[in-house]
Amino acid sequence: MEGKVNMGTKCKTIVVPLFISLLLLPLVFSASSDGLVRIGLKKRTLDQNSRLAARLESEEGTSTRKYHLRGNLGDSDETDIVALKNYMDAQYFGDISIGTPPQNFTVIFDTGSSNLWVPSVKCYFSVACFFHAKYKSSQSSTYKKNGKPAAIQYGTGAISGFFSEDNVQVGGLVVKDQEFIEASKEPGITFVVAKFDGILGLGFKEISVGGAVPVWYNMVEQGLVKEPVFSFWMNRNLGEEKGGEIVFGGIDSTHHKGEHVYAPVTQKGYWQFEMGDVLIDGKATGFCSGGCAVIADSGTSMLAGPTAIIAEINHAIGATGVVSQQCKVVVAQYGDQIIDLLIAQAEPDTVCSQIGLCTFDGSRGVSSGIKSVVDEKSGSMSSGVSGEAKCTACEMAVVWIENQLRRKETKEHILTYINELCERLPSPMGESAVDCDNLSSMPPVSFTIGGKAFKLTPEQYVLKVGDGEAAQCISGFTALDVPPPRGPLWILGDVFMGPYHTVFDYGKMRVGFAEAA
């Protein structure tokens with residue numbers, strides 16, 4: 001998935017890769033009184049290699065995500081738990097094995113994708129493969145050849161290879177004849193420094209590359225779990241070694257407080273449902289008052305949303321990020337006109353096309369294809385802003401101005417405020433730094449699900465890197481713009497799933513949230 005803005009005093013912008021992880025540490029097995037098998041994993045602090053990789057990836061222009069937009073536990077022997085590692089609250093992962101005898105791998109448990117892949121012993125020319133465990137089909141008595149080619153493009157890298165089949169063990173559950181990808185190529189910096197080996201997708205078959213049946217489907221179809229439900233508990237306490245647990249087959253009541261609030265799945269593929277309005281310091285933004293599509297995604301570290309509202313959130317929490325020239329040019333040249341049109345009751349969706357910055361296609365504004373004019377004599381841009389950028393900036397300005405007009409603000413106040421928002425637009429690839437000393441003064445940000453507002457405090461939506469005077473803080477909010485009809489689209493990643501225990505109910509096709517214990 002996957003940018004942000006700086007906040008408070010002038011802090012260095014830090015880029016944190018989505019798929020960052022930690023060194024594989026010895027497994028700690030324990031049997032609790034309820035008979036559940038738990039695999040205890042440890043976590044370590046952020047290392048410089050991962051930060052360097054993120055910076056290099058951002059310079060190459062990669063994005064931070066891979067969206068291509070196409071109760072009771074019951075009998076203990078029918079429920080299984082896999083413990084998760086927590087990497088600086090930035091990624092959670094655990095261990096599985098493939099083959100007979102078992103070959104061990106560390107994987108991201110990712111509800112935002114649907115394939116299982118691990119590096120192949122046949123990966124000869126990718127540097128990343130030399131740093132990770134590799135599957136050796138010749139050493140497994142349960143291996144079945146498939147050979148169908150496969151490729152997956154992620155925001156932070158890509159893998160390609162071929163399909164194979166073998167038994168996959170997740171905790172104490174053995175999924176037989178599971179189709180998975182042997183990755184023979186892993187280009188890019190991200191997978192070189194990543195300490196995880198592969199990814200185990202927990203999304204729907206609709207987004208599975210090659211039409212492969214996901215591991216979770218086979219768990220259910222092979223009768224390995226009593227209930228078609230799995231749930232995530234992510235431990236956000238940096239002082240504790242345990243990163244959390246994913247429970248297959250039910251819900252561990254010790255992982256949450258109170259009852260879950262459920263929302264029905266509205267579109268299979270990702271775990272997608274509808275969210276209500278976003279609140280900043282208890283005040284409605286109006287952005288999702290009519291409902292917004294949202295995805296619960298354990299494979300995304302941050303919480304992502306449309307740039308316009310993310311900029312408002314960053315402004316509210318004291319962001320001091322990169323100035324967006326496109327935005328400021330549009331406000332300076334067209335701000336008064338946009339306000340006048342909205343006051344005159346013009347349809348917000350048509351405002352930008354009325355002033356010539358977008359072309360209205362019947363449902364929304366699209367870039368009119370306006371090109372910046374190059375002065376042949378000086379070779380300089382007349383505006384420095386492309387038509388597409390102007391269209392996007394105009395659409396954001398309309399959202400902001402509309403909200404301010406609802407509050408009966410003056411034109412002068414509105415234009416000043418919109419310029420401030422422009423200054424706090426996320427940088428194209430980096431996350432937004434905030435002043436660690438200002439957490440107590442930052443407002444809560446809430447997201448409405450099932451009629452209930454789920455609040456995130458500054459301590460919950462800010463990620464802290466390092467200790468003492470060297471500590472730096474990163475906003476957990478990042479920009480992601482998906483156009484209609486699929487968008488606006490929000491991604492509730494680990495920043496949200498940490499404070500709120502999340503249930504993925506495959507049987508009733510719903511997603512549930514409750515305060516994490």
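Just so you know, the numbers here start at 1 and follow the chain as drawn.
Cβ atoms here come from the backbone N, Cα and C positions, even for glycine.
Remember, it's a predicted structure, so these values are computed and weren't measured experimentally.
As recorded in TrEMBL:
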type     : residues      : note
DOMAIN   : 92-514        : domain 'Peptidase A1'
ACT_SITE : Asp110        : active site
DISULFID : Cys123-Cys129 : disulfide bond
DISULFID : Cys288-Cys292 : disulfide bond
ACT_SITE : Asp297        : active site
DOMAIN   : 322-362       : domain 'Saposin B-type'
DOMAIN   : 387-428       : domain 'Saposin B-type'
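Across the residues of the domain 'Peptidase A1' (92-514), the predicted structure has a mean pLDDT of 86. Taking Cys123, Cys129, Cys288, Cys292, Asp297 as the recorded positions under consideration, the smallest Cα distance to Asp110 (active site) is found for Asp297. Rounded to the nearest whole angstrom, the C-alpha distance between Cys123 (disulfide bond) and Cys288 (disulfide bond) is 46. The CA atom of Cys129 (disulfide bond) is located 26 Å away from the CA atom of Asp297 (active site). Residue counts for the domain 'Saposin B-type' (387-428) under DSSP (helix as H, G, I; strand as E, B; rest coil) come to 33 helix, 0 strand, 9 coil. Neighbour counts of Cβ atoms within 10 Å were compared across the active-site residues Asp110, Asp297; the minimum falls on Asp110. Its Cβ placed at the centre, Cys288 (disulfide bond) has 23 other Cβ atoms within 10 Å.
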